[in-house]
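Quick look at what TrEMBL lists:
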MOTIF     A:20-48  motif 'Q motif'
DOMAIN    A:20-48  domain 'DEAD-box RNA helicase Q'
DOMAIN    A:260-409  domain 'Helicase C-terminal'
REGION    A:396-502  region 'Disordered'
COMPBIAS  A:404-438  compositional bias 'Basic and acidic residues'
DNA sequence: AAAAAAC
């Protein structure tokens, strides 16, 4: 295919954008070297649009879904613009921050920072990240030593501001990443407080999945003659994603998800999958169920400690975990490249969240599967989704799905749980020396029915992450008992399972 | 109806 087609369509513009390379932006050799090492040569459409504009110092209003390469789109030109500060002429530690990047979630902050650090690797620019849920002291130390680029979630940043461990009076560039999400989460007052600490003379980049009236109001308050950059049409699901819904009877969703996962494995498709669940409790429960079915699964949600959340993500990225069972903490922002498959165990309450969830797959031209299971009562949610994406999602049946055995067991969850405890104890005692705590080496046990050829890959926890995962009882307590709003429950209730609501 | 985020 050539790029000299006559039709001057948007798709064509994207193609032309893809035809150029990073060299053509005039980026510094140190940045290009880092990009080459990462294996990046061609900018994505949003990078091709954003980089020149940011380099010119203009404000940007960017509509970009996750997975479009948005982070590099702002990080690369920001690094380039800050380069004169590097090379020994770094700013004094008293008021060093020159670029501030704000994100709604801790994971996103960490990932943006990770990207920045990689792109700036061969420069003298210093960067760090601050977010809540972890010890403040190491963050304070890093801030005191001085950084040019700071990535942060709003709450913890204000904490540091209050403690006077950071001075924002020299910030020249501000990035509001996933701004719609930040507004959704009630960060507006925090954002206003932070922005009021910054010089009025600065460059501001705002990225958002949608341009809602609230976002437009935010932009008109804090941006100056912004250049609008839009890549994917907002509210429209990616064309490369094959969406399918499966209607199942009440109480069969768990079995259906197990079936889908095993079927994919049987077909030789990648096992890596994010499974979305609406509630934190349901999230932990489904992860436990998948593990009992021999699937390497782990839950990630807001009641997990920050350490657990990071370990889980790390395990997912290095392949120790196949199924990441997540609440909407993972719907936006989490930078997990090339997800082959997303499954909705619950249809999301809001149709917009559906778009964000399935936006985890089919990125940058790759294809992906977005599968959803739903029960008859969820029909209305599905209608809302189809209305938003302006498309009907094909219904399909689960090939060879026999829910009866699974459902029969489902009706006796207590007994099933007890049986799995016994199975676990036996499995552990055969393979690993048992300690007094009855949990072998302390590693998270994974059940792998030997008669199931699809799940016969050996379980190899990585030294630093999965091996440090707490035993399931502790995880269950952490999942249910932590957090400001989590109900306090007696230990027996936690270990025996939480009674289903309503 | 839920989740997320500062202590």
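Placement of Cβ uses the backbone N, Cα and C atoms for every residue, glycine included.
Heads up, TrEMBL stuff is auto-annotated, nobody curated it.
Residue counts of the domain 'DEAD-box RNA helicase Q' (A:20-48) by helix, strand and coil are 18 helix, 0 strand, 11 coil (DSSP-based). Helix, strand and coil counts from DSSP across the domain 'Helicase C-terminal' (A:260-409) read 67 helix, 26 strand, 57 coil.
Across the domain 'Helicase C-terminal' (A:260-409), the prediction's mean pLDDT works out to 86.
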